[in-house]
Amino acid sequence: MENQLAKSTEERTFQYQDSLPSLPVPSLEESLKKYLESVKPFANEEEYKNTEAIVWKFQNGIGEKLQQKLLQRAKGRRNWLEEWWLNVAYLDVRIPSQLNVNFGGPASHIEHYWPPKEGTQLERGSISLWHNLNYWQLLRKEKLAVEKVGNTPLDMNQFRMLFSTCKIPGITRDSIINYFRTESEGHSPSHLAVLCRGRVFVFDVMHEGYLMTAPEIQRQLTYIQKKCHSEPDGPGVAALTTEERTRWAKAREYLISLNPENLTILEKIQSSLLVFCLDDDSPHVTPEDYSQVSAKILNGDPTVRWGDKSYNLIAFSNGVFGSNCDHAPFDAMVLVKVCYYVDENILENEGRWKGSEKVRDIPVPEELVFTVDEKVLNDINQAKAQYFKQVSDLQLVVYAFTSFGKKLTKEKQLHPDTFIQLALQLAYYRLHGRPGCCYETAMTRLFYHGRTETVRPCTVEAVNWCQSMQNPSTSLLERKHMMLEAFAKHNKMMKDCSTGKGFDRHLLGLSLIAKEEGLPVPELFTDPLFSRSGGGGNFVLSTSLVGYLRVQGVMVPMVHNGYGFFYHIRDDRFVVSCSAWKSCPETDAEKLVQQVFHAFCDMMQLMEMPHL
């Protein structure tokens with residue numbers, strides 16, 4: 001073990017980036033075969049035959065030409081998907097991204113040394129910030145261990161995007177600006193932005209070449225809070241980041257035209273390490289029920305979140321914490337890693353600051369005061385109005401299932417992630433009486449700048465098993481057999497998707513090549529079964545495993561009649577979050593989660609069946 005630790009400090013965080021394999025282009029025939037299999041649960045015989053004919057025509061016609069063009073594209077770049085994915089999945093999207101695209105999550109400090117307690121916001125906030133800043137320094141020094149699967153390194157590029165990164169709204173397409181540099185690359189910004197009661201402050205976290213201590217950070221936060229609590233609220237320019245993207249882009253251009261100083265202020269916020277949000281709310285939270293705090297993280301006060309920042313760290317009045325992140329620059333596992341690092345350090349230090357109490361003579365924080373006029377104030381009010389309207393429609397529950405967890409599923413030789421996915425399939429089937437097309441995230445970080453691929457858990461095998469569970473004449477043994485077949489299928493799909501053999505991103509690539517070539521949209525993509533099975537961003541169940549650490553995530557559904565279902569796995573429990581829109585009469589997040597918990601028990605009961 002000692003050797004391993006010594007070795008890990010010698011490895012630099014980004015040292016393998018140049019030697020990672022390029023993202024492969026899968027075989028056309030294989031992808032189409034997998035696609036056909038995935039639409040089966042949503043088609044009758046006639047519809048399936050029709051789609052089969054469309055696929056065959058595509059494979060032997062335009063599909064082959066598009067595949068050749070895609071292979072050409074892949075020759076010239078190490079990741080043929082990267083730029084496309086960023087644009088299509090994030091930067092071209094015009095709907096407000098803060099609520100619809102961002103992800104968030106509550107900190108689990110409440111489970112040990114930091115239960116909710118009024119009057120602790122600033123002291124705890126400064127300790128949490130200090131650990132976050134240590135993580136930033138590890139990244140700058142490239143001392144963060146390279147993540148690996150076995151001995152194979154994973155792409156670490158997304159970790160460059162955690163700090164000093166921001167999305168900039170554009171009229172038709174947004175852009176991402178990243179100011180972070182490692183120490184060997186040169187200067188990197190070292191200031192924090194703090195939002196409080198509609199006002200914006202910044203201060204440098206380095207003083208005379210050293211990182212501020214937690215008591216020094218606390219002094220800065222106290223100065224800001226006292227000032228904000230004894231003076232009128234600011235205009236809340238941050239609320240503009242909740243707006244529809246083109247609207248926000250125009251409002252931003254107008255803001256800059258009012259006074260060039262406004263651009264300087266925007267750039268200071270954009271380049272800040274992270275945005276620390278002092279929130280006056282005191283949401284309820286327990287280790288078994290994170291619903292209220294999670295909702296506030298996703299849909300809280302828009303004047304104290306900068307929706308375009310890659311990292312908003314939120315401190316509530318009762319000393320409870322959470323994060324809200326723009327999804328464009330990175331996927332949730334980056335946030336999971338920093339949150340876990342901070343939580344472990346808080347745990348190790350019993351929630352206290354154990355360093356020096358000395359506070360150096362440090363310049364007070366600088367307030368950034370925007371020049372605003374009637375039009376800007378109107379824009380802010382309009383942004384808030386549309387934000388609160390959508391926010392009031394969100395239903396979100398986050399509960400812990402504590403009867404068992406990973407330990408028991410492993411004992412039964414069941415993959416815990418697959419266990420939850422199949423429970424969700426059964427729960428949806430029981431609640432809605434039909435199969436639910438489902439998106440589960442697989443990671444493709446084995447490849448250069450790899451991000452994600454789609455696993456489609458609603459397989460023929462899963463549906464057959466769900467039907468057997470609802471059919472009183474099917475024996476328990478048959479049900480168990482069918483369940484294990486569904487497990488095997490899911491595990492194989494996950495393996496394929498993680499190793500570059502998925503088909504969703506491949507089909508996206510083929511459709512984008514057609515678009516770039518000015519060709520008509522191939523029939524494959526206009527076939528009703530394409531969208532009914534989830535294609536084109538139509539998955540009714542949008543899901544992801546957040547990991548095996550004490551970190552939970554939340555996101556809104558992908559479609560109006562769908563659910564956002566995110567979960568993490570521990571030895572003794574499964575923690576799940578489920579979101580839905582109240583204005584959709586057929587969805588109910590609370591009921592779905594109860595059905596999932598019910599399914600967990602039913603599945604475990606099947607495993608108690610002796611092998612005959």
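Cβ coordinates come from backbone N, Cα and C, glycine included.
Features as listed in Swiss-Prot:
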type	residues	note
ACT_SITE	His327	active site, proton acceptor
BINDING	Lys406, Lys410, Glu411, Lys412, Gln413, Leu414, His415, Pro416, Asp417	CoA binding site
BINDING	Tyr439, Thr441, Thr452	(R)-carnitine binding site
MOD_RES	Met1	N-acetylmethionine
MOD_RES	Lys40	N6-succinyllysine
MOD_RES	Lys57	N6-succinyllysine
MOD_RES	Lys406	N6-acetyllysine
MOD_RES	Lys406	N6-succinyllysine
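The structure, with features from Swiss-Prot marked on it.
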residue : record                       : DSSP (3 states)
Lys40   : N6-succinyllysine            : helix
Lys57   : N6-succinyllysine            : helix
His327  : active site, proton acceptor : coil
Lys406  : CoA binding site             : helix
Glu411  : CoA binding site             : helix
Asp417  : CoA binding site             : helix
Tyr439  : (R)-carnitine binding site   : strand
Compared by Cα position, which of the recorded positions Lys40, Lys57, His327, Tyr439, Thr452 is the closest one to His415 (CoA binding site)?
Tyr439
By CA distance, which of the recorded positions (Lys57, His327, Gln413, Asp417) lies nearest to Thr452 ((R)-carnitine binding site)?
His327
Name the one residue among Lys40, Lys57, Lys406, Glu411, Asp417 whose Cα is closest in three-dimensional space to that of Thr441 ((R)-carnitine binding site); these are the recorded positions.
Asp417
Looking only at Cβ atoms, how many others are within 10 Å of the one on Lys406 (CoA binding site)?
19
Neighbourhood of the CoA site (Lys406, Lys410, Glu411, Lys412, Gln413, Leu414, His415, Pro416, Asp417): other residues with Cβ within 8 Å of the Cβ centroid, in order?
Leu408, Thr409, Phe419
What is the number of other Cβ atoms found within 10 Å of the Cβ of His327 (active site, proton acceptor)?
18
Would you kindly give the Cα-Cα distance separating Tyr439 ((R)-carnitine binding site) and Glu411 (CoA binding site), rounded to the nearest Å?
27
Those same-chain residues, other than Tyr439, Thr441, Thr452, found with Cβ within 8 Å of the centroid of the (R)-carnitine-site Cβ atoms are Glu440, Ala442, Glu453, Thr454, Val455, Thr543, Ser544
Based on Cα distances to Asp417 (CoA binding site), point out the closest of the recorded positions Lys40, Lys57, His327, Tyr439.
Tyr439
Ten-angstrom check, please: count other Cβ atoms within 10 Å of the Cβ of Thr452 ((R)-carnitine binding site), all chains counted.
24
Cα-to-Cα gap, Lys40 (N6-succinyllysine) vs the residue listed as 'active site, proton acceptor', nearest whole Å
32
Alpha-carbon spacing, Lys57 (N6-succinyllysine) to Tyr439 ((R)-carnitine binding site), which is rounded to whole Å:
26
Residue from His327, Lys406, Gln413 whose C-alpha is spatially nearest that of Tyr439 ((R)-carnitine binding site), among the recorded positions:
His327
Annotated (R)-carnitine contacts Tyr439, Thr441, Thr452, maximal Cα-Cα distance (Å, integer)
11
Highest Cβ count within 10 Å among the binding-site residues Gln413, Thr441: which residue is it?
Thr441
Would you pick out, from the binding-site residues Glu411, Asp417, the residue whose Cβ has the largest number of other Cβ atoms within 10 Å?
Asp417
Could you tell me the C-alpha distance between His327 (active site, proton acceptor) and Gln413 (CoA binding site) in angstrom, no decimals?
34
